[in-house]
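Colleague: Below: one structure in structure tokens.
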Amino acid sequence: MAKVREVYQSFTDSTTKTLIQDEAYRNIRPIMEKHKLANPYAQTVEAANDLEGFGIATNPYSIELHTHAAAKTIENKLLEVLGSILPQEPVTFMFLKPRKLNYMRRNPRIKDIFHNVAIEPRDVARYPKETIIDKLTEITTDTAYIGDTLHFLDPSYIVETFQNCPKLQTLYATLVLPVEAAFKMESTHPNIYSLKYFGDGFQYIPGNHGGGAYHHEFSHLQWLKVGKIKWRDPKDSFLGHLNYTTEQVEMHTVTVQLQESFAANHLYCIRRGDLLTPEVRTFGQPDRYVIPPQIFLPKVHNCKKPILKKTMMQLFLYVRTVKVAKNCDIFAKVRQLIKSSDLDKYSAVELVYLVSYMEFLADLQATTCFSDTLSGGLLTKTLAPVRAWIQEKKMQLFGLEDYAKLVKAVDFHPVDFSFKVETWDFRFHPLQAWKAFRPREVSDVEEMENLFSDGDLLDCFTRMPAYAVNAEEDLAAIRKTPEMDAGQEVKEPAGDRNQYSNPAETFLSKLHRKHSREVKHQAAKKAKRLAEIQESMRAEGEAESNEMSGGMGAIPSNAELPSTSGARQELTLPTTKPVPARWEDASFTDSSVEEEQVKLPGKEAVETATQQVIEGLPWKHWIPQLNAVGFKALEIQRDRSGTMIMPITEMVSGLEKEDFPEGTPKELARELLAMNRSPATIPLDLLRARDYGSDVKNKRIGAITKTQAASWGEYLTGKIESLTERKVAACVIHGAGGSGKSHAIQKALREIGKGSDITVVLPTNELRLDWSKKVPNTEPYMFKTYEKALIGGTGSIVIFDDYSKLPPGYIEALICFYSKIKLVILTGDSRQSVYHETAEDASIRHLGPATEYFSKYCRYYLNATHRNKKDLANMLGVYSERTGVTEISMSAEFLEGIPTLVPSDEKRRLYMGTGRNDTFTYAGCQGLTKPKVQIVLDHNTQVCSANVMYTALSRATDRIHFVNTSANSSAFWEKLDSTPYLKTFLSVVREQALKEYEPAEAEPIREPEPQTHMCVENEESVLEEYKEELLEKFDREIHSESHGHSNCVQTEDTTIQLFSHQQAKDETLLWATIDARLKTSNQETNFREFLSKKDIGDVLFLNYQKAMGLPKERIPFSQEVWEACAHEVQSKYLSKSKCNLINGTVRQSPDFDENKIMVFLKSQWVTKVEKLGLPKIKPGQTIAAFYQQTVMLFGTMARYMRWFRQAFQPKEVFINCETTPEDMSAWALNNWNFSRPSLANDYTAFDQSQDGAMLQFEVLKAKHHCIPEEIIQAYIDIKTNAHIFLGTLSIMRLTGEGPTFDANTECNIAYTHTKFDIPAGTAQVYAGDDSALDCVPEVKHSFHRLEDKLLLKSKPVITQQKKGSWPEFCGWLITPKGVMKDPIKLHVSLKLAEAKGELKKCQDSYEIDLSYAYDHKDSLHDLFDEKQCQAHTLTCRTLIKSGRGTVSLPRLRNFL
């Protein structure tokens, strides 16, 4: 499996990963559905892991809770296993609820029998009343089952059952018996159940829930060993067994076998007859336990508790490896090996016995006292067995030697969960046999039945009032009760009998009156509106109306308006008082409503006025079609230029109306005819189909189709090319966005429901989900994305929604490929954007859009929208009846929580990488409808077509917000000129105020930790493994032909040889470092790279801005802050020693070239643990010396931006700059989440990989802080034109720049947030190229597009945040107790100082570093693993033994 996993992990293509995940999800769904029956519960992570070990999957998204979910899941799983075994015929179930048959997947038609006896009081509530019997009766079926009860019964119960039920052949039984209870151990599955021992019994507690606990006697555990049960015939006398023959004995035997076992739950199969069964019965044992031999007297002073064998071996090897194993050291080692959470499982007495036993082992000699067979001559070897026999007898008489004692003392007794099966024989034990046949006492349930008689329950219902809201149903129910006489009448409420009325009739009457009032009110509003429209029509004039109506085309056949039947000449509508909100109260006020009679035009008058308005409309013949899609179309509207907007345009005459193909659902045909969208026969362009098929076959386009076999592509193109012509009936529906093109079709599909042969093909998955949500009562496979439809097939009727977004030639190819398609429905908008193919070698790239071909078969274009309000729609030249004003605004900042529209797909992916997941391109947002959208304007906007801009501007229903990403006003106006729609949408938005910096709260005082003791360890236990693989000096050194070997491995001390000593005077190492760390280029190439990475720098900055909480608008420049930062930089420089200042004279000279850099090799000891004793010395690090004025200028710039960064920085982000370990500890304790895995990020060649993209990021960051332009330009110059003695350096980071630390840190933050999708509130800590996060975030999909464009490569390190595995940051471990130095790295560094003889000089520093861990004392056992504890102990002992009597540091006085 490791190889398979390695192959899957090697896939880096996001599309391939998506396909793998999709395939995996399809496989997972039925599996999870299968396991849902037994395990529908929400499980803890630990319990879920245990259940997976038993083959039971857990749904991580389940939220169903249970008091003991894991134990209940195992119980359900055993019932599921039992259900697969039981025959499909009646079975007798004993002690089982009938509803549990669901877990067995039993057919409810099988007439199963239930025998439940109420043995305990709670059995009355547990079992249905109809299944409870007085006592167990004869079983009349071949198979029976006993549920979770057999372990409480006497073995003679099996004898009685099989003796009294001759038809019974097989008995299944489930038992709940924890095997470890036989050894009085703690639960081996503590996440499922726990155990408590009381005297001669114990309690099984599932999920630590006392309400579900069982009490067992230890005698119940005998059921774990039973293999066969034998008995004699009861008709014989008690001594009749003497006359038994073998045949008679065999007739009375049942065989017991373990069928399945999960934790403490077991399924037994008990079969009549003497059959074979395994001699040894084995139960699951997750860990290996042992018990020390009982070697002390009295026996009570021996350790009897089973202990993990691994722990015993660790303790044994410890006491035998240390020089002197003191009693306190052994106790400390035991404390180290036992988790704090497990300490309550041990008694202090048991620990004393264990330590005494280990101390005894430590005192014995391990050298053998016996002679060997290799020494001596022939005579000696001949007499050797005699000598050995004499020595053995001597030890038996006078006592064992130490070696023999040790061998016997370490002969641990294994705790094995395997038992030899036993046969229980009742044939030769008359008393036992009599006990087996005596009648069992069964609880009587007759009195309980009397307590819950039906009469008492029904009496409760007879007291219900007869005048309740649902009086009719209550009266019918009451009349059926036996307690009431047939002629008894229902009492009515007190009061006058004549005034009583049925509440239902009162409510209906009241509802009718309310509805009448609403109808009259709506009629009055309609009459008033018609009068206004009629007045408006008269103002338009007859001339214009006649001119426009002449171009409307032929009148459709169904253009007749519906006629109205005769009605009253006049309507009288009442004017009423406000109607109460609740109808229950209205009954008391209805009579008090005053009605004033108001004369309104009659129905006939209203219809006459309406008809007059319609007659004056240019589109009067199209009113029925407009009404069919929800438009009244009684108003004339005009665009910005004053031209009348026609709701119906682009009419095509001469198209014949074909009949719908056979099998077309009548609901669908009805809706299409109502819109005048009858089908027309369309001959397909086979050349377009062949171009698309060729591209798919050669894998030039597509995502899913590229994964298909080559044979499938050959079959696709072969079938298309074999056709000479292909015609199909098609309904082409064109209309503006939001015109309701799809609404009528969706309405028809909802009426059709499931079972239709219809497929809806959609261009995007978002649109597919939208259709699935709007038409929920159909099969989910009805809606497919276009590639899935091509691969998976379609129905005979295919609906293409937004077909302009499908690849050119796709529609023709699909119809040609599937000959069963007989009707297609195309919905789209010829005014909006169309599909754009980016693959340059694709044949379809040169095809025209599908709308161009199919437009000539579209009967008309519906130029009306329900989406946009009238003002916006009219600006776009579209008809709308939505009233109100569309809000338009513009600023340089983004709004949160609303979709973002950008001009390019590249920008969309990058914006999504910054967390804006609802980002769409102008063209890709087609089909989107949102109340608010924001449209980003940049240099790509001016190259967008009018169709694309129309698509973007028509998405919002209420508000459009424009975001100008450029600070250049002339560029902004150029963007506005790029489209005719933008100049009308201008507004001003106020800027946000700068938020103030809030200082962190003081660290709370914590209680001191309890004292502890660490066991003594071997001095070389940490470094020994590195020394074993150490090579010779010259095998490890770097060799150069011109300079010879390097000199990094020094002295003969193996400890010092582990560490590489890099020195500035080492020429070989210098040139190796220059070759590895520095790259040369030229100014022109550097500047070209800087410009080419502009878009990447933009994305890096957006991610950084979001991560650090910087304001959306630029931060105004503050001269006061700049001068303060410059003063700090100057003071810092002048604080150096005079000697250092003199050494820098050359770089202070005005003659020093501003672009020149002096490069040196950094002298250092390499103390990283991962680089100890490497087979080959690694190159060193360089230090760059710049012109001092340059360093101070850019140092001031970095400090200035740091000042503002700290003001806006979120509290969950910590930057280890000018802070103390105490500050970092306080922050970690308040913000870090230790309940999940964490991620630490490291980089390969971090400085050298900061190329033009990072420089672009730094420039944008500086501009956002309004750094003066001349300083920014100078920074660009020094980064692109830096000279060393070899030439011009490539763009990179150099140690020695002014902003090195801040720039590294901020680049680290930007890169991390660009790569990872980091959840809000995640704790993050940064310093230079080091970082750590308290979660493991997912890699953004957008990052895959940037990964190859960035030189920077990260190396994530995941830690589980548990004992021995904590996130590391700059040599510090972040733990639940605060930060502390990594004990292994601290010890390694200390050993180097000790080996060089410099420990006295730096002891104070090591004591301070050590104290951060030492202060936590006993808690270290929960933080450090065994190896870390060893390193910590050795560091403590080394410092204590260093010879210092006192320590001046107050915090370390208790320590030493």
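Glycine is no exception: its Cβ is also placed from the backbone N, Cα and C atoms.
Feature list, courtesy of Swiss-Prot:
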BINDING   Gly735, Ala736, Gly737, Gly738, Ser739, Gly740, Lys741, Ser742  ATP binding site
COMPBIAS  560-573  compositional bias 'Polar residues'
DOMAIN    59-224  domain 'Alphavirus-like MT'
DOMAIN    695-862  domain '(+)RNA virus helicase ATP-binding'
DOMAIN    863-997  domain '(+)RNA virus helicase C-terminal'
DOMAIN    1236-1343  domain 'RdRp catalytic'
REGION    537-573  region 'Disordered'
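Give me the local environment of each listed feature.
Modeller: In the three-state DSSP assignment, the secondary structure recorded for Gly735 (ATP binding site) is strand. Remark: Gly735 (ATP binding site) has Lys741, Thr827, Asp829, Tyr861, Leu862, Asn863, Ala864 as non-local neighbours, by Cβ distance under 8 Å and separation of at least 6 in sequence.
Confidence for the domain 'Alphavirus-like MT' (59-224), expressed as mean pLDDT, is 89.
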Colleague: Given the binding-site residues Ala736, Gly737, Gly738, which one's Cβ is surrounded by the fewest other Cβ atoms within 10 Å?
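Modeller: With the binding-site residues Ala736, Gly737, Gly738, fewest surrounding Cβ atoms within 10 Å: Gly738.
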Colleague: In the structure shown, which of the binding-site residues Ser739, Ser742 has the fewest Cβ neighbours within 10 Å?
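Modeller: Across Ser739, Ser742, these binding-site residues, the one with fewest Cβ atoms within 10 Å is Ser742.
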Colleague: Under 8 Å between C-beta atoms and at least six apart in sequence, can you list the same-chain neighbours of Gly740 (ATP binding site), or say none if there are none?
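Modeller: Gly740 (ATP binding site) has long-range Cβ partners Val629, Gly630, Leu862, His866.
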Colleague: May I have the list of same-chain residues other than Gly735, Ala736, Gly737, Gly738, Ser739, Gly740, Lys741, Ser742 whose Cβ is within 8 Å of the Cβ centroid of the recorded ATP site, in sequence order?
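Modeller: Sorted by sequence, the hits are Val629, His743, Asp829, Leu862, Ala864, Thr865, His866, Arg867.
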Colleague: DSSP helix, strand and coil counts for the domain 'RdRp catalytic' (1236-1343)?
Modeller: 42 helix, 24 strand, 42 coil
Colleague: Suppose we draw a 10 Å sphere around the Cβ of Lys741 (ATP binding site). How many other Cβ atoms does it contain, all chains included?
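Modeller: I get 23 for this one.
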